[in-house]
């Protein structure tokens with residue numbers, strides 16, 4: 001059973017009262033442990049697709065199953081719980097909370113789980129260690145470099161051991177050296193079994209994915225699986 | 001002009017885009033201006049009491065001051081009947097002296113029969129009280145013994161038209177009163193409580209009686225004097241005291257001195273006995289003005305908060321204008337002009353709202369506030385206030401959004417919420433205080449109606465006696481037979497009516513004590529469920545003008561007379577001076593301190609006799625089952641015995657009590673209105689603050705949402721910053737309100753005990769409304785916590 005199963009997904013939003021179609025009949029299946037890169041020009045629907053996979057937005061039409069369970073039938077509270085326990089997010093502009101320290105930002109990844117979290121402190125420390133930020137625990141985001149901020153965001157995404165990490169242009173705001181480091185962490189994460197979906201403009205990053213999904217005008221134009 | 005047109009255009013486009021924020025702005029400002037307008041109209045009405053009487057600053061009501069053994073003097077609006085006579089005879093400083101004596105008699109025309117309240121008036125009344133007339137010559141209108149002058153309203157009621165000059169009304173003794181002049185209708189803000197004036201020369205008028213019998217001193221008689229322009233009221237008051245001592249022929253209760261109160265100052269003068277209408281209080285007006293100012297400041301800050309919430313967009317707009325060459329002065333003017341337009345629109349909203357509210361307010365509070373006949377000065381003041389408010393509200397936001405450096409602008413706007421917590425604390429302190437005040441005023445009202453009287457007035461109907469004793473006797477005998485009537489008593493006045501008569505009693509230690517006397521039939525204690533503390537009840541009534549053989553006294557009298565217990569007072573023979581004679585009566589029973597006056601007065605030492613000539617009211621206890629039918633039967637019996645010539649004056653005891661507390665009722669209504677507006681405003685302000693905070697937290701809320709926070713988590717996150725300010729506001733408001741309200745309660749001789757309950761309730765209501773406002777905004781804005789915020793640059 002695929003981890004992610006999208007069937008005939010449509011998504012429309014209103015722009016100044018006029019309906020705009022962001023996705024038109026997208027069907028996609030992602031197996032657990034896959035590394036999928038979504039590429040395409042601006043406005044092709046990549047981020048909308050990622051948001052729907054992450055349950056941040058609901059499709060206007062179509063069926064979305066996460067690990068066999070219909071997301072469309074879930075309440076807002078259940079979708080929030082799904083995000084808290086099984087999905088991790090990494091954004092282009094990091095989205096760290098300014099007034100929280102690195103440690104606190106990372107701990108936020110466990111904050112909204114409904115079940116009690118064992119060894120919370122150790123898990124946060126371990127996540128920090130994995131991204132090489134153990135020495136920056138008490139720093140505020142503004143005291144970190146761009147690369148460090150994104151590593152902090154990755155630590156927050158993985159602290160809860162999610163089944164899937166969704167990354168929306170994770171290296172878009174970084175220089176090449178930091179971008180390589182961040183991509184290395186994500187790839188290493190995937191190699192340990194975490195499903196990874198990234199939206200990217202960079203061909204070099206797409207090349208490292210197991211599958212590349214190319215989008216145009218809200219549709220999947222091409223889905224290419226790389227040979228191992 | 002061009003700029004204004006441009007600003008209007010921009011504003012309307014802005015309103016269309018952000019109608020929610022502008023609706024909050026105008027609702028808050030409009031509400032505050034409405035309250036200010038109503039408070040302004042009320043204060044103006046209170047300050048212009050009796051100003052419709054021309055020369056009200058040179059016409060004085062003579063107030064007699066009484067007191068014993070250096071105790072504080074008590075003023076009375078009535079004077080001994082001789083005062084006018086002595087002034088006319090021996091005081092050249094008084095240009096004109098005139099008297100009014102209130103009376104209640106049946107009057108009729110083919111159109112209306114009523115037991116009417118009117119004044120006996122001296123013929124020169126209108127030379128002293130210069131009232132506006134619409135027909136007739138007021139100088140001669142009351143010269144004829146059968147003349148009557150009335151207002152247009154009464155003319156319409158009795159004759160159906162406003163100018164019935166020369167037409168007649170019939171009195172209870174079938175004499176005719178001829179209408180000789182018509183007065184313009186009185187405004188509500190006058191101390192005169194009736195609108196008909198019958199010549200004091202009428203054969204049975206109290207004034208004629210006094211003129212014919214110079215030794216008669218006591219009756220309800222209001223004396224007005226117009227002074228020579230070179231004489232001050234204090235000098236005349238001193239001279240009048242001397243004249244009184246020269247001419248006094250009565251017993252000991254002689255006025256200690258007099259005070260001449262200018263009519264223009266009468267309404268706000270300190271409380272006096274037997275005033276025609278309840279007085280106003282300067283303190284109340286000051287408190288209302290202060291509350292209006294604070295409410296305006298809240299609205300002002302709410303507006304500023306909402307404009308600041310728009311800082312991002314406005315800052316970008318200002319930056320663009322600045323890049324195009326606009327100077328900072330121009331940018332400031334743009335924001336201020338927009339504020340002015342919003343405030344002027346809010347003023348229009350306030351005018352419309354006030355126009356809709358005033359009829360209800362006037363009806364429930366017996367006021368006559370009118371918006372469109374308000375003086376131009378007051379409306380001008382409102383306009384100035386609105387402009388000042390507009391500038392004040394927009395000044396801080398204008399400085400911030402037009403700050404030249406975007407960095408500085410960002411720094412200035414990212415300081416909240418800490419900066420605003422102080423404001424939230426101040427606002428909630430005020431709201432909680434006002435709510436506590438409204439609760440306490442309401443409870444004092446309940447106390448006055450339910451607990452203070454000290455007897456059971458439920459299911460008791462009060463009926464005024466007829467002037468015809470045969471009718472009274474027949475009526476009494478018949479209603480006693482009704483199945484639905486439990487018991488019937490007669491009394492001088494009804495409890496809490498202030499109908500009392502003075503008596504001076506010599507105590508055991510020789511001190512002179514001021515007692516009040518009242519007269520009741522033996523059934524009175526049973527009708528009102530009053531238990532005897534000691535001794536026995538009165539066993540009969542009597543009519544002879546002699547000292548009553550037996551009397552009851554109250555517990556305060558027991559203490560004042562120096563007895564250790566009620567039982568010890570029994571059998572004691574009390575010697576006392578009344579207005580005309582020395583009397584001696586035996587104490588046969590002691591009753592608790594039932595209240596024969598309102599809570600404004602302390603319960604005095606009291607003696608109760610059975611002198612039936614003083615009876616003025618029936619008190620009828622009706623069985624609760626089928627009460628309406630029993631009351632209908634009572635009305636029919638009255639109608640049968642009076643032959644329809646005298647309408648029954650009946651009311652339930654509770655309604656009767658309510659009419660005694662008109663001023664307190666006004667305070668209840670005003671405090672509820674002010675508290676309501678304050679809580680609405682604070683809720684609106686809080687919504688504005690939530691909008692403000694949400695704008696600043698939108699990205700953080702979106703991050704938390706992406707990490708799995710659901711609506712409840714985000715709501716808790718939004719509420720948390722307000723919990724500490726709410727707690728501090730409660731800590732500040734409780735002692736503040738407690739102190740002020742305890743002082744207010746002390747102005748009553750009898751008052752409720754201040755308990756924690758109103759404080760707790762006010763805190764709960766405020767907290768609930770605050771949390772409700774946050775919840776409402778959270779629900780409204782939840783769909784706006786969009787994931788798009790996650791894509792914005794930091």
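Numbering starts at 1 and runs along the chain as displayed.
Every residue gets a Cβ built from N, Cα and C, even glycine.
Because the structure is a prediction, the values reported are computed rather than measured.
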Fill in the blank from the handout: The residue range that TrEMBL labels transmembrane segment, out of B:651-672, B:673-694, is B:673-694
Practice task
Select from B:20-43, B:44-67 the stretch of residues annotated by TrEMBL as transmembrane segment.
Solution key: B:20-43
Exercise for the section: Using TrEMBL as the reference, determine which range in B:422-441, B:442-461, B:462-481 is annotated transmembrane segment. Expected result: B:422-441
Handout entry: Within the domain 'ABC3 transporter permease C-terminal' (B:290-402), residues counted as helix, strand or coil by DSSP
Key = 97 helix, 0 strand, 16 coil
Problem - Averaged pLDDT, computed only over the residues in the domain 'MacB-like periplasmic core' (B:23-242) - result: 87
Problem - the transmembrane segment (B:20-43) vs the transmembrane segment (B:673-694): 3 or more CB pairs under 8 Å - result: yes
Handout entry: Distant-in-sequence neighbours of the transmembrane segment (B:340-358), which means Cβ under 8 A and at least six residues beyond its ends
Key = 7-8, 11, 22, 25-26, 29-31, 33-34, 36-38, 41, 303, 369-372, 382-383, 386-387, 389-391, 393-394
Fill in the blank from the handout: What DSSP reports for the domain 'ABC3 transporter permease C-terminal' (B:673-776) is 90 helix, 0 strand, 14 coil
